[in-house]
Amino acid sequence: MSAPRAQEQPSRSGERQPLVARGRRSPPRWRRTAAAAVLLVEMLERAAFFGVTSNLVLYLNSYNFNWPGEQASRATLLFLGASYLLAPVGGWLADVYLGRYLTISLSLVLYLAASGLLLTTITEDGRKSFCGEMPELPLEPACPSADCPGSWSSPYCATTLYLVLLVLALAASSVRSNLTSFGADQVMDLGQDATRRFFNWFYWSINLGAILSLLVVAFIEQNISFLYGYSIIVGLVGLAFFIFLFATPVFITKPPTGSQVSTMLKLAFQSCCSRHSSRDSEGAHLLPDQRSHQWGPSPQEDMANFQVLVKLLPVMVTLVPYWMVYFQMQSTYVLQGLHLHIPNIFRTNPSNSSLALRSENNNYRIPEAWLLLANVVVILILVPVKDHLIDPLLLRCKLLPSALQKMALGMFFGFTSIIAAGVLEKERLRYIAANQTVPQLIGQDLYYAAPLPIWWQIPQYLLIGISEIFASIAGLEFAYSEAPRSMQGAIMGIFFCLSGVGSLLGSGLVALLSLPGGWMHCPKDFGNINNCQMDLYFFLLAGIQAVTAVLFLWIAGRYERTRQDPASQSSSNRVRG
């Protein structure tokens, strides 16, 4: 027996609304089963995604490619940015042509193919097939001047790797943007509280996937082989695809309903260029006749939706600098950690030096990516506590902060995280300036690190994790709850897209500061940042975050005052989901 599928009936506004067909089993059971399947797929997909990003800097620094540190860090930021920036593409395909279910299915197939291609680049034959032979490096001293010839040449296999990462980012962004709304659709009719709790546990499943990836995949990639680690990634994506197909009978699916992007663009053009013109009023008068035989929002709802979008965009745009800070966790924080002392998991004390050298090569070092566990563990602990204890208690006491207040608090913790990273980097460079370094072998690559233990990075990871609880989860709730029901997919896509803008801006800032004379300009020494001034880069990001946080507070205050206006509230409530 198949699960009841969603039927549709027209609402008073002319928009189709889902109606669940009654079956022999209660609809809530089907809804919870479907939501659980979505959470499991999300957990596996995120485990695969973090398996790529957590050690991508190390992978590009490895002897297989020999990318410089700033280029490897920039590639990671570009990949992270694209994985968010391309989110509206998958949402648009789902809204206009394929529907969310089919879009997710095809995106998982694309995900599987792209991760398989990335796996191919690990093998020597695969690299030669796609990239050719690695050019031999001339044996010459580092260029002492600021304008070394060829300092901006393309690194080995750059075209192939960037194309593979772009396809992987497109697949990941499409899965993320559609799976979020698809999962919320499964529990939407169970009430607003069920939707809010779904987002909490959706975010929890993301970080459970990160735990799996960091504890297992990151360890294997750094200490054993990237071949085995990336093979696990391919297996995780394949398992996610199988579970999604297996759970198809219990899913509530909706056909594509069209996109309002063109309507919003038309209204924006009319608002800017043809305001108060008589021709606009005539066009608006003719519009109902043109739509009288079509399902969809009325012209009045289009205008109300456009007004809501105009109010939402400034709030979400001022969150972009927070994302610039947030994505440092998977790029420059990793690069910094590779140049701090990383202890071995197993220590041996052999009697002679040859055995000592052999044991050093055979011992397993703690993966640098495990520092992300400080971020993930905070989320895994705080989300259930927040969902079951803190939020209900604050709600009973009428002290529960609004989503905008939580987002502002998240910005503050992000600011403290990047300040902590800057202070640590300044201290690390003080040891480097005094020639106090520790050579350490990570995988098959040698790094000269400061004698500071890597545990000093834990505070910055903890603080960015706390900021994520407030800024990211509250941002998802804000985007979904404040959006008109006919634009929820579009607004969620914009939210993820602006997250990617933050990552790309961070990458662009690294590229700008990597120009000759910039703080991040270092000789080509394959990942060594000891001649850079990355502490100044961190402090610059902190300054940008502080300024935009003040701007966010002002914009959020205006938004709250507008919501409390009775006339505005009555008009927006008619279209808000």
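Cβ atoms here come from the backbone N, Cα and C positions, even for glycine.
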Stretch carrying region 'Disordered' according to TrEMBL (options 1-27, 271-297):
1-27
Most CB pairs under 8 Å with the transmembrane segment (101-122): which of 34-60, 72-94, 160-179, 200-220, 407-424?
160-179
Contact between the transmembrane segment (226-252) and the transmembrane segment (407-424) (at least 3 Cβ pairs under 8 Å, separation 6+):
no
Winner by Cβ pairs under 8 Å against the transmembrane segment (407-424), considering only 34-60, 160-179, 200-220, 536-556:
536-556
Among 34-60, 72-94, 160-179, 492-516, 536-556, which stretch has the most Cβ pairs under 8 Å to the transmembrane segment (200-220)?
34-60
Give the nonlocal contacts of the transmembrane segment (34-60) in its own chain as ranges (CB under 8 Å, at least six residues past its ends).
3, 67, 69, 71-73, 75-76, 79-80, 83, 108, 111, 115, 118, 155, 161, 168, 172, 175-176, 179, 182-183, 186-187, 198, 201-202, 205-210, 212-214, 217-218, 221-222, 226, 229-230, 232-234, 236-237, 239-240, 243-244, 246-247, 250-252, 330-331, 334-335, 338, 367-369, 372, 442-443, 445, 527
Per Cβ pairs under 8 Å, the stretch of 72-94, 492-516, 536-556 packing most closely against the transmembrane segment (160-179):
72-94
